[in-house]
Amino acid sequence: MKLLAATVLLLTICSLEGALVRRQAKEPCVESLVSQYFQTVTDYGKDLMEKVKSPELQAEAKSYFEKSKEQLTPLIKKAGTELVNFLSYFVELGTQPATQ
């Protein structure tokens, strides 16, 4: 009986010490996590800026924008003329009853 009581007492003390150690363990601080996140973002930004500075990437971007401009210019002109026609239709519609 004494052996059983001693065993239970020993197990209880060990589990309490384990809980105490867990409570005393340093948890990761929110500030350090945020700081680490911003440091990672800053590093990625620096890497991206180095990649953007390469002349071949700049030439590729320039050709892409020129190609896009060539394709979009006729569409924008067409949309502009259709908008003017649409608005002039309503202007004419509004002036017709006044003249009759």
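Using N, Cα and C of the backbone, Cβ positions are placed for all residues, glycine too.
Between the listed ranges 20-31, 32-43, 44-55, Swiss-Prot ties the annotation region 'O-glycosylated at one site' to 32-43. This prediction places the mean pLDDT of the region 'O-glycosylated at one site' (32-43) at 90. The Cβ of MET49 (methionine sulfoxide) has 9 other Cβ atoms within 10 Å, all protein chains considered. Under DSSP, residues within the region 'O-glycosylated at one site' (32-43) fall into helix, strand and coil as 12 helix, 0 strand, 0 coil.
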